[in-house]
Amino acid sequence: MISLHRSCFLNNTGISGSSSPFSYKLKKLPPASVKVTALGPNRDRNSSVLIENNNNPLKEIKEDGTSSVADVDPNPTVTGEDRDLYYDAAATDDQLVTPWSLSVASGYSLLRDPHHNKGLAFNEKERDSYYLRGLLPPTVISQELQVKKMMYSIRQYQVPLQKYMAMMDLQELNERLFYKLLIDNVEELLPVVYTPTVGEACQKYGSIFRRPQGLFISLKEKGKIHEVLRNWPQRDIQVIVVTDGERILGLGDLGCQGMGIPIGKLSLYTALGGVRPSACLPVTIDVGTNNEQLLNDEFYIGLRRRRATGQEYAELMHEFMSAVKQNYGEKVLIQFEDFANHNAFDLLAKYGTTHLVFNDDIQGTASVVLAGLVAALKVVGGTLADHRFLFLGAGEAGTGIAELIALEISKQTNMPLEEARKKISLVDSKGLIVKSRIDSLQHFKKPWAHDHEPIKKLVDAVNGIKPTVLIGTSGVGRTFTKEVVEAMAALNEKPIIFSLSNPTSQSECTAEEAYTWSEGRAIFASGSPFDPVEYKGRVFVPGQANNAYIFPGLGLGLIMSGAIRVHDDMLLAASEALAAQVTQENFDKGLIYPPFRNIRKISAHIAASVAAKAYELGLATRQPQPKDLVKYAEHCMYNPAYQSYR
């Protein structure tokens, strides 16, 4: 489709604007028409193309006066209010498309355009039509062979960070090949483009930084965020992932270098959930950093100041949230990522009633863990209400998971939520959260303060609470000691142990430790991947409670239903849909999550369940409701296969 630079805007008299950085000139045309200098097949290099919109699809006017439908939005708009789902996925596989940007890309510029570049996959006709002769070697190869070649190249690297950098370079060179590669090899490449490798990438982001990706909004842009958003070349944004970098994974305050997280998350929105890449916007809010090592690092790319707090911070965030809604409309999904506890809960509470917002650390983690627990019940038996839960960690993830478990118990049993919470106990850095500590607790911990004597050590809490499920969200590695795991195994025939902290170095225990210390009886899942473990002749395949199971499908479901708010029932629906995808074959291998190789199918089912709940709750705006939501979700998904050019 055609995207316009921010200095231009559509109005009733055509296009107007101030200065333009482009080589062509904008001329006043009849209502809703655009004249653009274009380079394309069978055209003189100085010829023009007239694009019209008179309440009809945009059309290309040919030299003979006839017209043909171009590859553009059939219901074009400028604002974010009423947007079609997938402009560049509208064409079927056998339809020809034109690689529009501001003009028809051709020649050297086409090879440098990641959205349309196909490398050696340009066929002979395309090489003639788009002035590529001599700019490419003579051979023509398929996208499948390109994927094979790239995987061979990536596997030559021994260092995960080198693989990450190679993938990021490919994303900037050939977008469709990047996503094709990731989708076809998701189990191998997911740890490369996301956790655990992305953690190291964020730590070293300043030294490996080559070209900007996403939007960096700092305190310098205060009062101008609306204009900054308009600097982004894409207009039809449907998902924004935003971080302020204060709590990146389990690595702490990485400031502006946390940008690797939004970039990685949005890559998964596309690869796993099928959200088109041009609809995704990664954002880092730079309010400074309290990390002294970064402040003294000559390669650090962010503001060199201590973190803004209080009113200064709140005003910048409020300006950002207001500008996003003004620019992209009410239906744009804003995912908060890796904010510190004190801001994460406040932002979710403040904007949850006015914006389509979602916190993956609180809600996404909760949903994927609940799905694992629901699946695990098919192995250990009973209902959620029959079990007792003990958490190590009472921050965003811990309290978020605990609350969603309590909501599901309440939903299943009609038990009051307050009663359901009593089945769940949390341990923080000061010990078991109990009523006697209520006055000193942060507000999000208070619902978990139960009547119990104070306990300092985790192993004593295990022996005192006698949980059937132990969940780690502490961000502190090796805290599930041999003594703790053995205590769980002594209390339960099949202890459920989830070690969820990321990256791998911060995991509460390893898969090998969990299986060995429980004598092969533990039902184990982790946040970061672990290799299969052999114990006494049996091979155990550890599950990965990766948020990537949930948020891509959840986001797709929200987009395709036109939802305007995220409701807790949507998270429960996502959990149930994920748990339903675990087969008996998976259980036989010790898995409580389905294999990632089926992730697009899984995401389609999650999207359908989320969308169905949005329609049920009256929060969906896209009418009428599709009859088969699973098929509709699959239809909406971005396809990275190359398209043929005219």
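Here the Cβ of each residue, glycine as well, is placed from N, Cα and C on the backbone.
Annotation source TrEMBL lists domain 'Malic enzyme N-terminal' at 171-352.
Positions annotated as active site, proton donor by TrEMBL: TYR194. If you take the C-beta of TYR194 (active site, proton donor) and look for same-chain residues 6 or more apart in sequence within under 8 angstroms, you find GLY264, LYS265, SER267, LEU268, ALA548.
Cβ neighbour count for ARG247 ((S)-malate binding site): 24 (other Cβ atoms within 10 Å of its Cβ, all protein chains included). Summarising the annotation, TrEMBL assigns (S)-malate binding site to ARG247, ASN502, ASN546.
What TrEMBL records for LYS265 is active site, proton acceptor.
Long-range neighbours of GLU337 (divalent metal cation binding site) (same chain, six or more residues apart, CB within less than 8 Å of its CB): VAL241, VAL242, THR243, ILE261, PRO262, LYS265, ASN359, ASP360, ASP361. According to TrEMBL, the divalent metal cation binding site annotation covers GLU337, ASP338, ASP361.
Under the heading domain 'Malic enzyme NAD-binding', TrEMBL lists 362-615. Per-residue pLDDT, averaged over the domain 'Malic enzyme NAD-binding' (362-615), rounds to 95.
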In all the protein chains shown, the tally of other Cβ atoms within 10 Å of the Cβ of ASP338 (divalent metal cation binding site) is 26
If you count the other CB atoms within 10 A of the CB of ASN546 ((S)-malate binding site), including all protein chains displayed, you should get 26
Fewest C-beta neighbours within 10 angstroms among the recorded positions LYS265, ASP361 belongs to ASP361
Expressed in Å to no decimal places, the gap between the Cα atoms of ASN502 ((S)-malate binding site) and ASP338 (divalent metal cation binding site) is 12
Between the two most distant Cα atoms of the (S)-malate-binding residues ARG247, ASN502, ASN546, the distance in Å is 18
ASP338 (divalent metal cation binding site) sits from ASN546 ((S)-malate binding site) (Cα to Cα, rounded, in Å) at a distance of 15
Students should find that the Cα atoms of ARG247 ((S)-malate binding site) and ASP338 (divalent metal cation binding site) sit apart, in Å rounded to an integer, by 5
